[in-house]
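What follows is a single structure, and I will ask about it in a moment.
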Amino acid sequence: MAHSPVAVQVPGMQNNIADPEELFTKLERIGKGSFGEVFKGIDNRTQQVVAIKIIDLEEAEDEIEDIQQEITVLSQCDSSYVTKYYGSYLKGSKLWIIMEYLGGGSALDLLRAGPFDEFQIATMLKEILKGLDYLHSEKKIHRDIKAANVLLSEQGDVKLADFGVAGQLTDTQIKRNTFVGTPFWMAPEVIQQSAYDSKADIWSLGITAIELAKGEPPNSDMHPMRVLFLIPKNNPPTLIGDFTKSFKEFIDACLNKDPSFRPTAKELLKHKFIVKNSKKTSYLTELIDRFKRWKAEGHSDEESDSEGSDSESSSRESNPHPEWSFTTVRKKPDPKKLQNGEEQDLVQTLSCLSMIITPAFAELKQQDENNASRNQAIEELEKSIAVAETACPGITDKMVKKLIEKFQKCSADESP
C-alpha cells in the first residue's frame, strides 16, 4: 500500500520542524541504493561522525514497510555488535536516517582485496556470533546474514547491519514461514517456505564462512533462481581446499539441512575453531589496511563485483573509503513505463498465480484428498512454482500465456 511521505512514522522520528540540513553536514557519499544514498556526515551539535541514509519516500513508497522494519528493529537493539540508530528526520519527501558510522567498510568490501585467513575468519565469525546470540536472545532473526551486511569500524570492531528483512518472533509465533533473504545464503527451510526460526541465521552464517574463505558463496556462478531449486535438493555445501579440520567441522555444523541439529550461536562460540583461532578485533585492522593498499594500487572498482553479491558493491566510485551496502529498498516499476505498457508484466506478476494456478492446485488436492502421495507431489509442485515466482516475478504469467498459445495453436491445427 502506498503511503504519503508525511504520514510515515518510525521510532526516533524527530520534530518535523527540525531541519536535518542544519543539524548535520553531509560529507562524501559512501553508498548508493535504488531510492537513496548513504553519506558520511558530521553532527554539528556534537561534532560526532555519523552515517546518513537519505531516502526519497516518493520513489520508495512501495518499500516504506521495509524501511520502517529496519528502523524499528535497529531502534529496539542495544548491543555493541549491532549498528546503532540515532534517529530520523523528515524533510519534504526525503527521510534522513542517522546511524553509527563505521569507517572500515563491509566484509564484502574487504574481500575484494582477497580471501581472509583462518585467524581473521575466526575473529570475524566470533563477533558475528555475539551479534546473533544477542538478536536471538531478543527473539529476533536477522534473515540476511552475509559479508555485505557485516560492517567494521576503523578499529576492527564488527557489527551486524541491514535489518530491512529482519523478523520478530513472539511467544505465540515461535517459527516464521515467510520467504525472505538472499538466495545464495538462504537456508533450505526458508526456500521451502517451511516454518523456521533462528537456526536459519546459523545456515547463512555457514555460507558466509565459506564466502570469507573463498571470496564468494557456493554456487555464485549460477543464476539465483537455479540456486533456489538446488539448495533444498542437494547435499549441503562443504569447504573444499587446504583448510583446517576444525574450520571444516564448524561449517559442517552450521550447514546441517535439519535445523534442529544446527548449534545455536551461543554453542558455536564454544566451538574449537572459534576458541583456538579467534583474536582481538584489532587484529582485523590488517584487513582494512590491506584493502586501502589494494585500492591505492589502482585496482578496478569492478574487478570483484559478482552476480553472487546481490549487487551490493556495484556502482562504486573511486574514493578512499569502502562503500556501504545499501539494500534496504528495491526498485519499483517506473510509472511512465507502466503507462506505455513497457512494464505490464510487472503489474500482472501474480495474476495467473492467484487466478489460475493456486485455485487449480486447490481443486487438484481436493479431488485427491485421500491420496497422500499424490497430494504431497501436488504440494511440492506448487511450492516450486512459488519459489520460481519469487525469484523471477512474472515467470508464472509467461508460462501460462505460453501454454494458452500452444493450446490455441493445437486447437486451430486440429480444426477441420
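Every residue number used here counts from 1 along the chain in the order it is shown.
Glycine is no exception: its Cβ is also placed from the backbone N, Cα and C atoms.
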Which residue, chosen from SER220, SER309, SER315, is annotated phosphoserine in Swiss-Prot?
SER309
Of the residues SER260, SER300, SER373, SER411, give the one that Swiss-Prot describes as phosphoserine.
SER300
Let me spell it out: for each of the recorded positions (LYS32, ASP144), count the other Cβ atoms within 10 Å of that residue's Cβ, using every protein chain shown. Which one has the most?
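Compared across LYS32, ASP144, the most Cβ atoms within 10 Å surround ASP144.
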When you measure from the Cβ of ILE30 (ATP binding site), how many other Cβ atoms are you left with inside 10 Å?
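ILE30 (ATP binding site): 23 neighbouring Cβ atoms within 10 Å.
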